[in-house]
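A.B. asks: I am attaching a structure below and will ask some questions about it afterwards.
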Amino acid sequence: MDLNEWRPYRITTIADVFKVYFRLAKKYTIRMEYDLEDYKNRRINFTFGNLRRASIDFIRFLLVSVFLATMILARDTESILSAKSFETMLEIDRIDLLFLLYMAVSSLLEYLWIYTFWEILVYDSAYNEFIAIQYKFDDSKLESNNKRLLLKYFIIRGYLMGIAYKIYALFFMGIFTILSHKHYALYVTDQVTLLDLVSVLIPFFILMYHLIFVSGQMFLVMFCFEFSIRFLRIRFQQLCSSATIQINRLNPLPTRFMRMYYEIYANIAKFNQSAQNYFFVTELLSKINMIFLTVFYSKQTQLKSSSFLILYISVQMIVNTTLVYHMVSFFATKNLLYYRSLLINFIRFQFVTKRTSSPLYTKARPRNLISMKAKRYDCSADLKKNFFLQTMPSNMIGFTCGRLFLITSYKYVELLLMNLIFILLFYKKLLLKEL
């Protein structure tokens, strides 16, 4: 990724942000080159030339899986391709657990690619439709302060995530350099043959390259995914904040608010059609990481820097998932809070309107004031507003984890507590087994 593209003068509108997101998604998630006009007109080029990147990435995934499976199965042998030999060189106990974790992570990411590719193949991609809507987003719908904060967040955080991605890439290439040096030393001392040296270094180079590719998905694409959620959250929060201003006015539920609410709800629902699968995969990855974290930590006889770094990366993945869930749980919770506020004020407004139009009230008031109050009362408009308020608590606004559950604040806290209990019980089971 070219970090120069994250300079402030390049990113001036929200549409520019989603153009960067779409470009990164095509490189790491979709793995195919096309534009939204091709998708809209069903003219995407599905030739081998356009699918070459996806084919190479999938073949690399298969080669890495075979390489890791070979090392796991040959763990206790004296072969240079055994996990035992890598444990000695990297000074890590039970490195085969790390290989199993990476196979699970890469397999789930490949599943996401197949799922996304199939949606594009049949021209039924909710993600593409969501991006197309944001390409035409009018920045005037955002308050100037909110727009400035969003763009500043994207530029600074995106630049830092790009640097982190490059650091991880250099780190993985550094591991390859160290292992190459150690294996070459074995070759010089005639402990391994040239064929053994080549049979280890080539697959390991492919593994490191694939790790860099996965890091791009984890850092760059997931950051843009997080920004999309933050963008929708700020829009929804801004809308609800503007509604609270109407509390002391004669019209507590203006038509403009309902129209904007439907628009934001449609955007969230459209994005959720694609995002729900990603949330399901991240939840699976979080649970797999917890199991790995507990088992791997219990198997370390001595916690060295290499083992600590692996544990840190695993914890980071769990924490990132937790933070995203916390951000997403905002929608359903705030929707209910604003619904209650709007309902109370709307009932108060209706009560005042009914009272002022009653016969007892009209006898004691001037006629011109009575006619003015009568003009303000519109039965059809009240029916629409009543129907709108009735649908607010049941419209399931927000994001779902697959088709399992809606991510609310209650579900977020429940998952957090369950994860802590899960780790404690799993670790207790391992301790009892060792004793």
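Our numbering is plain: 1 for the first residue shown, then up by one each step along the chain.
Yeah, the Cβs are placed from backbone N, Cα and C, and that goes for glycine too.
Just so you know, TrEMBL annotations never went through curation; they're auto-generated.
Not my notes, these are from TrEMBL:
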| type | residues | note |
| --- | --- | --- |
| TRANSMEM | 58-74 | transmembrane segment |
| TRANSMEM | 95-114 | transmembrane segment |
| TRANSMEM | 158-180 | transmembrane segment |
| TRANSMEM | 200-225 | transmembrane segment |
| TRANSMEM | 278-297 | transmembrane segment |
| TRANSMEM | 309-332 | transmembrane segment |
| TRANSMEM | 404-427 | transmembrane segment |
A.B. asks: If we skip the immediate neighbours and take only residues 6+ beyond the ends of the transmembrane segment (58-74), which ones have a Cβ under 8 Å from one of its Cβ atoms?
C.D. replies: 81-83, 86, 96, 99-100, 102-103, 106-107, 110, 113, 203-204, 206-207, 209-210, 213
A.B. asks: Please report, as numbers and ranges, the same-chain residues at least 6 past the borders of the transmembrane segment (158-180) whose CB is under 8 Å from any CB of it.
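C.D. replies: Beyond its ends, the transmembrane segment (158-180) has Cβ neighbours at 1, 3, 6, 20, 86, 89-90, 201, 204-205, 208, 211-212, 215-216, 219-220, 223-224, 227.
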A.B. asks: Please indicate, using numbers and ranges, the residues of the same chain that are 6 or more beyond the transmembrane segment (200-225) and have a C-beta under 8 Å from a C-beta there.
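C.D. replies: Long-range Cβ neighbours of the transmembrane segment (200-225): 1, 17, 20-21, 24-25, 27-29, 57, 60-61, 63-64, 67-68, 80-81, 102, 105-106, 109, 157-158, 161-162, 164-165, 168-169, 172-173, 175-176, 179-180, 183, 275, 278, 317, 320.
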A.B. asks: What residues elsewhere in the chain lie close to the transmembrane segment (404-427), defined as a C-beta under 8 angstroms and at least 6 residues from its ends?
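C.D. replies: Apart from its flanks, the transmembrane segment (404-427) reaches 279-280, 286-287, 290-291, 293-295, 298, 318, 322, 325-326, 328-330, 332-333, 396, 398.
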